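Engineer: Structure below; questions to follow.
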Amino acid sequence: MGSIEEERPLIEEGLISQEAKLYAQDGSVDLHGNPPLKEKTGNWKACPFILGNECCERLAYYGIAGNLITYLTTKLHQGNVSAATNVTTWQGTCYLTPLIGAVLADAYWGRYWTIACFSGIYFIGMSALTLSASVPALKPAECIGDFCPSATPAQYAMFFSGLYLIALGTGGIKPCVSSFGADQFDDTDSGERVRKASFFNWFYFSINIGALVSSSLLVWIQENRGWGLGFGIPTVFMGLAIASFFFGTPLYRFQKPGGSPITRISQVVVASFRKSSLKVPEDATLLYETQDKNSAIAGSRKIVHTNDCQYLDKAAVISEEESKSGDYSNSWRLCTVTQVEELKILIRMFPIWASGIIFSAVYAQMSTMFVQQGRAMNCKIGSFQLPPAALGTFDTASVIIWVPLYDRFIVPLARRFTGVDKGFTEIQRMGIGLFVSVLSMAAAATVEIIRLHVANDLGLVESGAPVPISVLWQIPQYFILGAAEVFYFIGQLEFFYDQSPDAMRSLCSALALLTNALGNYLSSLILTLVAYFTTMNGQQGWISDNLNSGHLDYFFWLLAGLSLVNMAVYFFSAAKYKQKKAS
């Protein structure tokens, strides 16, 4: 029989193993700052409140964004190019402000309080926008014949201040809510890790449930019952989103903020520059790293050293002076391997990240040129006048169909061939999405070719009257774009959560969203350049206010060509990508 001394380590090991089963081991805490009990916190029991919040918030957002171009052209009396530019610029800003929320979440407030504070700003913006569309003095008068009075500076100020308060509010929600939901699953538990991959699918599903209501019911209300009511309903749902989020508070798991990621990145750059004359040892174990189980960064695991960007490793080289003094406390002179690897991960992510810009420029057409194309077609279904923006319903319906199809059928089928638990890796999934997006642009261009041909045959070019082709011909381009979303956007969400450093997850989610901003800005730039170059020498241009005399099909083919080039660059970069390894 063994001695007590021999049995003690076995007993302690058993207690630790038992604790691992009871408590989350990923560094998260419960509401009271204690290790969270798995039975009472996180997992799917906490997710309904987060998914409910996202569903209502997205309903509010798309209730504004989905038909905004119609409001700008019919109520604020702007031209097609001007209105489309305003929409894409605002949408771009909505995806740029997440950088602000992400830094606050990762560095100081944590994801929970960042979502809570910015939700209030969002609600104020929604209320201001509703007032601008409801109070007669805050909106321009209706058109009289061909005369449409312009909005006054005060009316513009009220409308755009509400619009950009929403953009600021969404900046604190978008980079945090998907990561906060994923935080409810323990990365160290294999079962919860698989459920986390499924969470991203259902998270995007909830987004599109909200978008479905917006693109169908709300669009109809806006165009048939008034814009005050059409903006007021999303405002109410934003209030419900805030309520849903707070109701789940006792069940949540919280990750501690790890300090400013921008500061840590700067420290690596400065320290590597200061030690540029030192040689990086061949044995990576000689580089500086804390001896504790966890890294020196709060809420972060250690990251395994890689041989990429070896110049940055100089920041982790212990100088002779530091070795003698034993003082390793100045992070502007000496960084841990984990801190250096954080920057390396961001560098490796960059080519994958950049692929989202062109994809987002393609996606931006759904709320701009797809809508304008639909307005130039027959929107009557029997006696019912279908708002062109309502065709966005088919995009969301596509997502709603594809998410459960992907989660329940494609993943098990793909698993047999790829050997990957979740069917496809995030990189493979995103690549499929890029390919499908090309097909969407090709479908839109084909519909436009047919539309222009009929307009010419019926002599509608000069009048600019809607062409008697049913707007339902647009369904394939919306449906294909929805399939592309399921593959690319959900894969992107999961990629930037899993591959990001633990203490930079909000920031990396914001960087993923930044591709949407840059994609919208790129769309605005392409529209501006196309309008400039195609109207030289008095030509009508590809995209004129009279689409029957333009060539919107050329614009869609241009985007399809850019998407093909983007896809080729992505596949080249993806083949070289190295996965993150955490210890």
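Including glycine, each Cβ sits where the backbone N, Cα and C put it.
TrEMBL feature annotations, pasted as is:
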- 112-131: transmembrane segment (TRANSMEM)
- 202-221: transmembrane segment (TRANSMEM)
- 227-247: transmembrane segment (TRANSMEM)
- 345-366: transmembrane segment (TRANSMEM)
- 386-406: transmembrane segment (TRANSMEM)
- 432-455: transmembrane segment (TRANSMEM)
- 475-497: transmembrane segment (TRANSMEM)
- 509-534: transmembrane segment (TRANSMEM)
- 554-573: transmembrane segment (TRANSMEM)
Engineer: Between the transmembrane segment (509-534) and the transmembrane segment (432-455), are there three or more C-beta pairs closer than 8 Å, counting only pairs 6 or more apart along the chain?
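Structural biologist: No, since the transmembrane segment (509-534) and the transmembrane segment (432-455) share fewer than 3 Cβ pairs closer than 8 Å, they do not count as touching.
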Engineer: For the transmembrane segment (202-221), name the stretch out of 227-247, 386-406, 432-455, 554-573 with the most CB-CB pairs under 8 Å.
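Structural biologist: The stretch I would name here is 386-406.
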Engineer: Against the transmembrane segment (432-455), which of these stretches has the most C-beta pairs under 8 Å: 112-131, 386-406, 554-573?
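Structural biologist: Counting Cβ pairs under 8 Å, the winner is 554-573.
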Engineer: Is the transmembrane segment (554-573) packed against any residues at least 6 beyond its ends, judged by a Cβ distance under 8 Å, and which are they?
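Structural biologist: The answer is 351-352, 354-355, 357-359, 361-362, 365, 369, 430-431, 434-435, 437-438, 441-442, 444-445, 448, 526, 530, 542-543.
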